[in-house]
Amino acid sequence: MAVSCVRTSSEQEHTPKLGLGNSQSPLIFNPSMLNLQPNIPDQFIWPDHEKPCTEAPELEVPLIDLKDFLSNSSSPSATLEASRLISEACSKHGFFLVVNHGISEELISDAHEYMARFFDMPLSEKQRVQRKPGESCGYASSFTGRFSTKLPWKETLSFRFCDDKNSPNTVQDYFCHALGHEFEPLGKVYQEYCEAMSFLSLKIMELLGLSLGVSRDYFRAFFEENDSIMRLNYYPPCQKPDLTLGTGPHCDPTSLTILHQDHVNGLQVLVENQWRSISPNPKAFVVNIGDTFMALSNNRYKSCLHRAVVNSRSERKSLAFFLCPKKDRVVKPPRELLNSITPRRYPDFTWSMLLEFTQKHYRADMNTLQAFSDWLTDKPI
Ligand SMILES: C=C1C[C@]23C[C@H]1CC[C@H]2[C@]1(C)CCC[C@@](C)(C(=O)O)[C@H]1[C@@H]3C(=O)O
Ligand SMILES: O=C(O)CCC(=O)C(=O)O
Ligand SMILES: [Fe+2]
């Protein structure tokens, strides 16, 4: 069965007031050609206040060793310590590293290898799975045709993962149906990778629940049967890395992001109004909470601002798993997180509504959740 990704109509896709692109004749993002030009096109040059600064001191990110917590004989003290460290990280900038996560180096290496092979394919081959307006799956090269300014210097491939026993092979099926059976090995690796990401996400949800003083199972149960997004990010070298961005400043609208960087620096987080870099660590996943979990926590934990910079010497790649709840689940905080001092911060919503908002009406940035709340309550954005 062909798996259809999120399909939304695109009548408002190019709402001029939001400066979204014109899909009639989009610019083609061909970095090897663009890098031969004396200058990069204006559409890739970001405003001065968003240009990457040369300095981005390394951020010491809390590192959480999951070995004891994940072992069958995990002790209450190991669980308590892991949830305490998560609480500390999420009360600061919302980023932490996990090691001894139980995911094999071979699977991670295969996921990186197949990502390199995919992006090495000719553009015409990649465009066989071209992302269509309003959809959140498929291949995109710098979102030309979707946005008209501040184009990111990257190519992406996004696809859906469903933790649903009734459709057990959504990822593998997507690749086989969209690209052909010669892509079955690639589909198998990403099917296995996404299953491992989903398992790890649910374990982290147990720790997030404990760290917020709700039951270990509360958030885990909410994300059972998750309907998540896997994204491969490819950032070509850029001759003018000080003028453009690989991924612009944003908070992830999703619930939890589990990112694996290759060996090239590029991920930056805004901490106390200063951009700080998170150095690659092949044995660690970088984890951050997103807007949807910020709403679930009733704003106790913050979805934090981050971006990806590029460089003039080498390409960079990252694997990003975005945990998302089943589309019709109502996102609202548990009653333990509501009281007279901390009343409801965001209205009830479903992930399906927020996803549609980011794909049809609003380019995700640092204010997505507030803009979405205003949109829901009909306030002018
Ligand atoms: C639901 C999503 C929208 C984006 C991919 C996932 C989670 C992160 C979002 C994104 C990366 C935030 C920055 C802007 C964006 C347009 C991008 O640069 O890719 C966002 C993704 C998207 O809308 O495709
Ligand atoms: O590539 C990176 O390091 C970060 C990418 C990112 O933030 C995203 O895809 O949401
Ligand atoms: Fe992100």
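Just so it is clear, glycine is given a Cβ too, placed from its N, Cα and C backbone atoms.
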For the annotation region 'Disordered' in TrEMBL, which listed range does it cover: 1-22, 67-88, 243-264, 331-352?
1-22
The domain 'Fe2OG dioxygenase' (225-325): DSSP-derived helix, strand, coil residue counts
6 helix, 44 strand, 51 coil
